[in-house]
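Here the structure comes first, spelled out in structure tokens, and everything after it is commentary.
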Amino acid sequence: MSLETLIEKPPVVESTSKKFDPDGFNAYVMNTYGRFPLAIERGEGCRLWDTEGRAYLDFVAGIATCTLGHAHPALIETVTQQIKKVHHVSNFYYIPEQGELAKWLVEHSCADKVFFCNSGAEANEAAIKLVRKYAHTKLEFLEQPVILTAKASFHGRTLATVTATGQPKYQKDFQPLMPGFQYVPYNDIRAVENAIADIDEGNRRVAAIMLEPLQGEGGVRPGELEYFLRLRQICDENQILLVFDEVQVGMGRSGKLWGYENLGVEPDIFTSAKGLAGGIPIGAMMCKEFCAVFEPGNHASTFGGNPFACAAALTVLQTIERENILQNVQARGEQLRTKLRAIAAKYPHLFVDVRGWGLIDGMEINSDIALTSIQLVEAAMKAGLLLAPAGPKVLRFVPPLIVSAEEIDEAAQILEKAISTVIAS
Ligand SMILES: *Cc1c(COP(=O)(O)O)cnc(C)c1O
């Protein structure tokens with residue numbers, strides 16, 4: 001099977017199942033997801049139980065989202081207290097929890113200002129709007145700002161963020177796309193230099209470069225240090241804003257609080273969502289003072305930064321700090337990659353690479369063989385381990401950040417068992 005045919009096939013196992021949707025109610029849900037044959041009933045820590053009572057080790061964590069795992073006592077306590085107090089008010093008023101969360105984020109990052117929204121795509125939309133306003137108001141003659149993004153990137157599903165996403169499979173049938181985006185290969189500095197030179201026509205030029213510090217969805221590909229150091233220089237020399245999408249890799253997942261800390265550079269603008277409130281919906285767009293050009297009325301969100309979501313995020317952040325969770329992420333990440341490398345060495349015809357930072361790790365399957373990430377995800381699921389594909393050929397490991405050494409060992413054992421069943425079939 002060629003890579004192209006695999007890419008065209010979405011990660012669908014089935015769209016209906018009598019067993020996992022006995023009443024057929026899923027027929028009323030719009031048909032946008034291929035689903036694995038599994039319905040979850042409850043969770044605790046790094047474990048989930050399905051509706052038939054079977055337990056699974058959860059190395060998906062709602063796609064890098066359930067930072068503190070499931071049913072964490074601190075999160076339960078916070079959301080219970082907050083919903084009793086007040087859960088939502090309009091941004092017509094000052095929201096103390098929002099201020100406190102913004103202060104924490106500013107004190108623990110390179111940012112000076114925070115805008116709150118509800119998802120990764122929305123945070124990136126806010127970043128794109130900020131870039132455009134900055135270009136129109138601060139950069140002379142720049143009427144047609146262009147944002148460079150990377151091929152194989154993922155930035156969301158709204159019209160602007162799906163345009164920013166450098167993967168045709170997500171854009172198919174949604175044309176016309178948003179103007180003002182152009183793509184370059186990831187980790188390729190020459191391509192950036194060429195694009196900046198090519199897109200230079202007086203009132204049309206590159207205003208920002210938007211990248212993931214580590215490409216998640218596109219195959220768990222870490223950014224290269226040299227590339228990002230040079231990129232920062234190029235941006236400084238050319239008045240180009242450097243924007244990082246930290247939606248997946250940020251919030252401690254890389255073993256540092258922010259992905260950019262692994263690359264020795266600071267962005268001008270960056271976004272967070274997924275793990276920020278451990279599974280309660282929230283997004284944030286953060287930036288440095290010099291480019292904080294939004295004024296009242298420029299941008300807004302009804303739910304954005306409400307007391308419920310902000311209190312949850314504060315608890316997640318304070319728990320990460322209090323319980324030294326970043327240290328756990330680093331140690332468990334090392335342990336996991338060591339285990340995965342040992343497995344890859346045992347099956348050199350199946351696997352070509354193991355890579356990642358902290359607890360965002362990938363295992364790449366040999367492109368010369370027909371085996372897909374989805375086949376392995378299914379086999380692991382049957383054996384009691386939940387994994388996520390990152391494209392057709394990469395297995396993604398993104399467990400809760402509280403995962404224990406025993407659970408890492410257990411996951412590796414289950415994966416080996418799953419691999420042996422796939423080989424035998
Ligand atoms: C998941 C993801 C998004 C989109 O987030 P949503 O909350 O689904 O809108 C954007 N960027 C990256 C890097 C992501 O991993």
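In case you wondered, yes, glycine gets a Cβ from its N, Cα and C as well.
In TrEMBL, annotation is done automatically, which means it is predicted and not curated.
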Site co-member for pyridoxal 5'-phosphate according to TrEMBL, given Gly120, Ala121, Asp245, Glu246, Val247, Gln248, Thr302, out of Phe154, Phe228, Phe290, Phe351: Phe154
Between Thr302 (pyridoxal 5'-phosphate binding site) and Arg157 (N(2)-acetyl-L-ornithine binding site), the C-alpha gap once rounded to whole angstrom: 20
Among Gly120, Ala121, Phe154, Asp245, Glu246, Val247, Gln248, Thr302, the record's pyridoxal 5'-phosphate binders - longest CA distance, Å: 25
Binding-site residues whose CB lies under 6 angstroms from ligand 1, from Asp245, Glu246, Ser301, Thr302: Asp245
Distance [Cα-Cα, Å, rounded] between Val247 (pyridoxal 5'-phosphate binding site) and Lys274 (N6-(pyridoxal phosphate)lysine): 6
Using Cα positions only, nearest of the recorded positions to Gln248 (pyridoxal 5'-phosphate binding site) (Arg157, Lys274, Ser301): Lys274
